[in-house]
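Peer 1: To start, I am sharing the structure in question, which I have written as structure tokens.
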There are 2 protein chains.
Amino acid sequence: MSSDLKENFAFRPGRRPAGPGTQPPAPRAAAEAGAGAPARNTNRPGPTALAAKVRTMAPSMTRSMQRVAEAVASDPAGCAQLTVTGLAERTGTSEATVVRTSRLLGYPGYRDLRLALAGLAAQQESGAAPAVTADIVVDDPIADVVAKLALDEQQTLADTAAGLDVAQVEAAVAAMATARRIDVYGVGASGLVSQDLAQKLLRIGMVAHSHADPHLAVTNAVQLRAGDVAVAITHSGRTVDVIEPLRVAFDQGATTIAITGRPDGEVAQYADHVLTTSTARESELRPAAMSSRTSQLLVVDCLFIGVAQRTYETAAPALSASYEALAHRHSPRPRTR
Amino acid sequence: MSSDLKENFAFRPGRRPAGPGTQPPAPRAAAEAGAGAPARNTNRPGPTALAAKVRTMAPSMTRSMQRVAEAVASDPAGCAQLTVTGLAERTGTSEATVVRTSRLLGYPGYRDLRLALAGLAAQQESGAAPAVTADIVVDDPIADVVAKLALDEQQTLADTAAGLDVAQVEAAVAAMATARRIDVYGVGASGLVSQDLAQKLLRIGMVAHSHADPHLAVTNAVQLRAGDVAVAITHSGRTVDVIEPLRVAFDQGATTIAITGRPDGEVAQYADHVLTTSTARESELRPAAMSSRTSQLLVVDCLFIGVAQRTYETAAPALSASYEALAHRHSPRPRTR
DNA sequence: ACCGATATGAAAATATCTTCCACCCGTGAG
DNA sequence: CTCACGGGTGGAAGATATTTTCATATCGGT
């Protein structure tokens, strides 16, 4: 089943009515003005060329038409909102004139000019994209906060992906996929990431636990041995509560993995494989915890997917099973799909 | 100009005015049926946000509407050329359905959607983004997994940011900033997000708790009253373990906030403010939990920052204090910087 | 299997766009 | 100076496109 997205794909990509006789709707090709050959005006200008076209054609326009063209050229966005009648009023002319102007500019009618106008407006708008990269400050309006945060996190993701050592990931995944059991250590913000990893691994039938309590973590680490895997997550690379259990696991002969922003930190000393997370800039209002978390989660997701791929035979059914098991915890009524 | 839109939308259901009703409060925003203003969706998406909006809203659409949305999202340029009837035919549905879909996406009608489509097409044309969005498959090499995951999550972030109703965020932040106490409910994957929020709020000196245990959650919810805030986090919008405590909090008069991917889900009925997370497509190897988590975290971060801004006087010192307090949990060694 | 509610498409009702046509205005010849 | 002519222009009929209504098909729960 997967998803039913496949059924879309409307081929028939460019369904331009280009050809004179191809128009399903109306044979509106007939020239209005009696003048001989309308010559099927040059190809209709794309949004970009519209402004230029207006200037070029202006001289050959009648006064009323010029007014329309003027309005259109100076405020595409605004005009795109108007109906024929609206634009006629705004320019102090009539609908007929607006349509004639549209024709002159190379469109079949006003409807199409309007569409082009919308396109032009959108382009102009996007061209002026400011790209809010500044830091978040105390008096930023919420809208800016949202935009900045999203951008920052996207940047963090890109950085992380770029900085990840694929070979290390590969090795870590290999160890985890065949592990008898997996322990994950993390406290504070990293604790949540640690739980996330454990939770996901559980869902595909792995034996995984997340330990936030440092004492219990060490207690558990002592039980590990070769064939087991221990994962430590710490942004700073020097959180003792996390390093300690990893060290123990390491000494016990387990395969150890560190996910840290400081590959030179102490935690790396006890790690067989080090996965480096990105360290984005931070500010007072944007504590490190935020971007490190994003980064860590990406790494954790990669590990998870990698493991799931390699244990697909058991992972897939386990996944469905856990969804099944939780189904009754949902209220019944959501419509379709 | 004059954003003529029917932005009205004044819901603010006088909840339990005299406390007689101990029963399911009338679903807010239930105006829909019958005559009157369809009003529904808040901000009409600009061309840019359209694609995001489609992805976000897709799950809460009916089958026919999904087909329309699919077509629109996959070939904006092509669809912009079509009339209602044309698009209806192409998607094998009716005009009515097309119009309904347009409404759901936040436009007054198809005409406006079409305009936006034209804009989007123009942008895409000029922007020419490659968009490498293949699904992750079982035999993808790790390097691809990393790249795809990072891209997907970036997309999710962009979608979420584009789809977030800033006014709702604003309102939620305002309530939280002045709250006497804040409860956060979430189970499963959302439970971690819930913890994340609570953890952060604690750091800036707010009284916040995350409850995963549904019994304890309800027990706590009963203690809430006006001036308190309850936040429910559920991707599906119908996780009873989360809805239940929120409902209780709602009945108690607390301000309630829902963070969900299904703004039409049951959870929204008991929420004063609904924050919509994006729902990226998922595949077997990329369970929904993954992108919903990313999306939820972004929302949660926004809330946090918003609250921190508004309580800066107390938040800033509280933040430093909590860092201080944890300093001794770090090993001393890291060199420079 | 029944019942109630929701989703859907056909067709009616509007809104919008296009075409047609008469009027107006400027121009040049008588 | 007047008149006839021709294109420019707007008003309104005619043609399409869009929106709304409503009966029917379908779905999901009891």
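Just so it is clear, glycine is given a Cβ too, placed from its N, Cα and C backbone atoms.
Since we're looking at a predicted model, the values are computed, not measured.
Pulled the feature table from TrEMBL, pasting it below:
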type	residues	note
COMPBIAS	A:28-40	compositional bias 'Low complexity'
DOMAIN	A:48-124	domain 'HTH rpiR-type'
DOMAIN	A:172-313	domain 'SIS'
REGION	A:1-48	region 'Disordered'
Peer 1: Could you give me three numbers for the domain 'SIS' (A:172-313), the DSSP helix, strand and coil residue counts?
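Peer 2: Final tally across the stretch: 74 helix, 27 strand, 41 coil.
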Peer 1: I'd like the per-state residue tally for the domain 'HTH rpiR-type' (A:48-124) from DSSP, helix first, then strand, then coil.
Peer 2: 62 helix, 0 strand, 15 coil
Peer 1: Can you tell me the mean pLDDT for the domain 'HTH rpiR-type' (A:48-124)?
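Peer 2: It averages 84.
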